[in-house]
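S.K.: Structure incoming, see below.
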Amino acid sequence: MKLFLYFITLFLVAQSHGQTCKEGEVLCEGTKDECILKEYICDGLWLDCSNGWDESDCPCPPGEIKCPNSTMCIPASWICDTDWDCPGGEDEIDCTDCPGFLCADGLCLNARYRCDGELDCSNGEDERDCPPCTGNRLPELCSTQLPSLKKIKMLLL
Ligand SMILES: [Ca+2]
Ligand SMILES: [Ca+2]
Ligand SMILES: [Ca+2]
């Protein structure tokens, strides 16, 4: 009798661990038992898998390129347009023709980020040699030590 119970237990354990998906479904890699329809892979909608696996390794749509170190795609026309679009601003690095302000590390900034009170170049060159704080900005806001709101926004995207 004991042996019989042992085999029953084994059988149940094997069943619960051997979770397979229904036909036409795939298991979300990295999860134990999340199954999604195959069509949901790379359909551009995130979080069909709770860990985002279904959209983690997809090619970009035509005309778009993938940001380095990221799964984000941006239109090719956004490269070197002086606005940060990739999470780390990689789309603005090594742009030979920079119409805005060129950081020492090769990052090209839109001219409006020069002397705006936020450090945008990695070494803050964009906030050096700025005219004294004028206009209606509070002196505190002229500090070059403020965290960059743009960067915080990027991280939240
Ligand atoms: Ca999806
Ligand atoms: Ca850009
Ligand atoms: Ca700045």
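We count from 1, first residue shown onward.
Positions of Cβ are set from backbone N, Cα and C atoms, glycine also.
Not my notes, these are from TrEMBL:
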- C80-C95: disulfide bond (DISULFID)
- C103-C121: disulfide bond (DISULFID)
- C115-C130: disulfide bond (DISULFID)
- 1-18: signal peptide (SIGNAL)
S.K.: Give the sequence-ordered list of residues that share a chain with C103 (disulfide bond), lie 6 or more positions from it, and have CB atoms under 8 Å from its CB.
M.R.: L109, D120, C121, S122, N123, E125, D126
S.K.: Please report how many Å separate the Cα atom of C130 (disulfide bond) from that of C95 (disulfide bond), as a whole number.
M.R.: 24
S.K.: If you draw a 10 Å sphere on the Cβ of C130 (disulfide bond), how many other Cβ atoms land inside?
M.R.: 14
S.K.: Would you mind reading off the Cα separation of C80 (disulfide bond) from C115 (disulfide bond), to the nearest angstrom?
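M.R.: Here the two Cα atoms lie 20 Å apart.
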S.K.: Taking the Cβ of C95 (disulfide bond) as the reference point, list residues of the same chain whose Cβ is under 8 angstroms away and which are at least six residues distant in sequence.
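M.R.: I79, C80, T82, G106, C108 - these are the non-local Cβ neighbours of C95 (disulfide bond), listed in sequence order.
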